[in-house]
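Pulled from Swiss-Prot:
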TOPO_DOM  1-4  topological domain 'Extracellular'
TRANSMEM  5-22  transmembrane segment
TOPO_DOM  23-72  topological domain 'Cytoplasmic'
TRANSMEM  73-93  transmembrane segment
TOPO_DOM  94-100  topological domain 'Extracellular'
TRANSMEM  101-121  transmembrane segment
TOPO_DOM  122-146  topological domain 'Cytoplasmic'
TRANSMEM  147-167  transmembrane segment
TOPO_DOM  168-173  topological domain 'Extracellular'
TRANSMEM  174-194  transmembrane segment
TOPO_DOM  195-212  topological domain 'Cytoplasmic'
TRANSMEM  213-233  transmembrane segment
TOPO_DOM  234-247  topological domain 'Extracellular'
TRANSMEM  248-268  transmembrane segment
TOPO_DOM  269-369  topological domain 'Cytoplasmic'
Amino acid sequence: MIQILLSTFISFIIIIVSSNDIRSGENDNFNNNKMINNFLTTITTNDTIIIKETESPNDYDFSKEQIESLDKIVYFSSTMGIVGALFIIVSFFLFKAARTFATKMIFFLSLSDLFAAIFYLPYYRDSDIMCNLQGMGLVFFLSSSYLWTMCISISLFMVFFTTIFELNHWFKYFHFICWGIPLFTAIISLIFHAYGKTGSWCFISDPTSIFRLLYYLPLIVVFFINLVVFIAIRWKISQHSNSLVSRVNIIVSFYLIAFSLSQLPTIINSIQNFSDPDNPQFSLFAFQLLLQPLQGFLNCVVYGINEGFINHYVEFFEKYIFRCRCRKSRELKEIESDKTSLLVDYENSDDEEGFDGMDKLIIDDYNRV
């Protein structure tokens, strides 16, 4: 299912971008003349020619210095997001025992976070083709990311409030939602030439267009779904009072905090852009670039740094990295322990029996490694 969606996605990109190139080639002369007329306005007065430079309609919303500041922010947040997402992805492939229903969803969430952070990097704005590619990549993978968080919330709700615990058959519906809806939004926005420069990156350029709503309205809906689900779960587990329930309560709170931190600045910025499109706020764009690409790292902290993954990594390092060191260390500890017991029980046992027991401990230790 995933391979079919991704191949369809790539095919549409190639076809549509190619058709755009053909149309742009036919209109080169017209566009060049229009650009020259917009760029230069000549006014002749008393044999004096005054040349006035006008702004290009494709200019960014901020100054060059502000764009450079936004680039520095996104380099930091995207790098952290990539590292966090890769941690979960590598852990998923490394430990077969950890591939449960929950970790599979977290894996696909991290996959979306990884590519979203990559597409946020400012390497795609030098040409129309690259700008369209960045816009499509961000729409597709950011939408997929927040839809996967919704699926995780739905799964938690089913576990806490119903008797349905076997959810593997739901995966086909989750894949359809989390890949199909973003694919439709990304392609329809490309067909109608909705992508352009906004802030310091390429996205759906018109903040009041229907295509922006196709992206942000589902995000707002998902935000409130997650909020309601997590409040309901906290209420449910608050009916019980023990250390395990308190721990679950803290974890659920972290889920909501991580999602809110990564998505709330984006929602606020989109509302401001929609209500006042001619007055973009640099601080809101900066907060969006700081936190939204960081989602892979935040999800790593919430979902990846858990007892299961940590135990798997401890076993992995003991088995493959520190095998010799750990084995020798354990041997020395056993020898010291046996020496102590031999000194204490020397009068009640002979040397041969003592050393036989020590050898047996070392052999057993080798068998456990």
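Glycine too: its Cβ is placed from the backbone N, Cα and C atoms.
The topological domain 'Extracellular' (168-173): residue composition by secondary structure is 6 helix, 0 strand, 0 coil, according to DSSP.
Per DSSP, the secondary structure of the topological domain 'Extracellular' (94-100) breaks down as 4 helix, 0 strand, 3 coil. Counting residue by residue with DSSP, the topological domain 'Cytoplasmic' (195-212) contains 3 helix, 8 strand, 7 coil. If you look at the topological domain 'Cytoplasmic' (195-212), the same-chain residues 6 or more away from its ends with a CB under 8 A from one of its CBs are 58-62, 66-67, 70-71, 74, 120, 122, 124-125, 130-132, 134-136, 138-139, 185, 188-189, 270, 273-274, 277, 280, 285, 288-289. Taken together, the residues in the topological domain 'Extracellular' (234-247) have a mean pLDDT of 71 on the 0 to 100 scale.
Residue counts for the topological domain 'Cytoplasmic' (122-146) under DSSP, helix first, then strand, then coil, are 19 helix, 0 strand, 6 coil.
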